[in-house]
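Enquirer: Next up is a structure, given as structure tokens.
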Amino acid sequence: MSEAFDCAKCSESLYGRKYIQTDNGPYCVPCYDNTFANTCAECQQLIGHDSRELFYEDRHFHEGCFRCCRCQRSLADEPFTCQDNELLCNDCYCSAFSSQCSACGETVMPGSRKLEYGGQTWHEHCFLCSGCEQPLGSRSFVPDKGAHYCVPCYENKFAPRCARCSKTLTQGGVTYRDQPWHRECLVCTGCQTPLAGQQFTSRDDDPYCVACFGELFAPKCSSCKRPITGLGGGKYVSFEDRHWHHSCFACARCSISLVGQGFVPDGDQVLCQGCSQAGP
């Protein structure tokens with residue numbers, strides 16, 4: 001008499017039937033699937049022994065159920081992303097969650113190099129200087145009314161220019177006759193001494209230090225022969241074609257100050273009333 005050959009689960013004879021051998025004995029196909037098969041996370045049906053099974057993060061799927069939750073595209077042989085426990089093909093993920101390049105309008109793919117500024121996103125190769133149109137990359141830039149400029153282009157386009165050398169002023173500088181100047185460009189027309197922070201005057205729009213202006217253009221004191229510049233609140237007296245510093249306008253004989261006093265001219269000299277009446 002032949003030995004029994006029965007299913008280890010339901011004990012039905014397996015003679016003439018398809019079965020699956022395991023370490024625990026043979027199983028008929030229905031018992032095997034019910035005992036060992038995983039449940040598909042998508043359709044909740046058993047994944048039979050003859051079905052291709054896919055596995056992702058403790059979840060099992062029929063091959064046909066492993067698909068993008070938005071476009072239903074099969075992910076069996078495609079790259080995909082899991083977002084909030086849902087499987088997405090790359091196209092759907094990028095469309096839903098990736099940024100759009102503010103320059104070209106194309107999707108900025110995950111993992112690609114990008115730049116973000118002011119709530120906007122660019123491909124690295126699309127973030128260009130509005131002046132020279134070269135990629136800004138990690139270079140410093142200056143935003144201006146929706147445009148972005150590298151520092152040289154911004155300075156060339158917007159920075160004030162020195163009235164003397166016409167080059168841009170990037171920092172500092174001084175103002176003379178309502179125009180910007182580099183500090184090193186504002187110099188005396190006569191001796192080339194820097195005038196920034198110093199007292200100076202001008203003639204025919206040209207700046208001069210006090211010393212040069214006095215030597216070149218100021219009248220000379222009839223007494224001490226030094227220039228009368230009138231700068232710094234200095235006062236002077238004029239009579240006919242002659243001029244005196246206040247401190248120099250004194251009687252030629254007694255040296256009393258004649259400022260605000262009557263005086264008498266005596267040749268190249270001036271005398272107080274008393275010395276004039278005293279005679280020579």
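Placement of Cβ uses the backbone N, Cα and C atoms for every residue, glycine included.
Pulled these features from TrEMBL for this protein:
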type	residues	note
DOMAIN	38-98	domain 'LIM zinc-binding'
DOMAIN	99-160	domain 'LIM zinc-binding'
DOMAIN	219-280	domain 'LIM zinc-binding'
Enquirer: Averaged across the domain 'LIM zinc-binding' (38-98), what pLDDT does the model get? Just tell me the whole number, please.
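Expert: It averages 84.
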Enquirer: Looking only at the domain 'LIM zinc-binding' (38-98), what are its DSSP counts of helix, strand and coil residues?
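Expert: Tallied per class, the domain 'LIM zinc-binding' (38-98) gives 11 helix, 20 strand, 30 coil.
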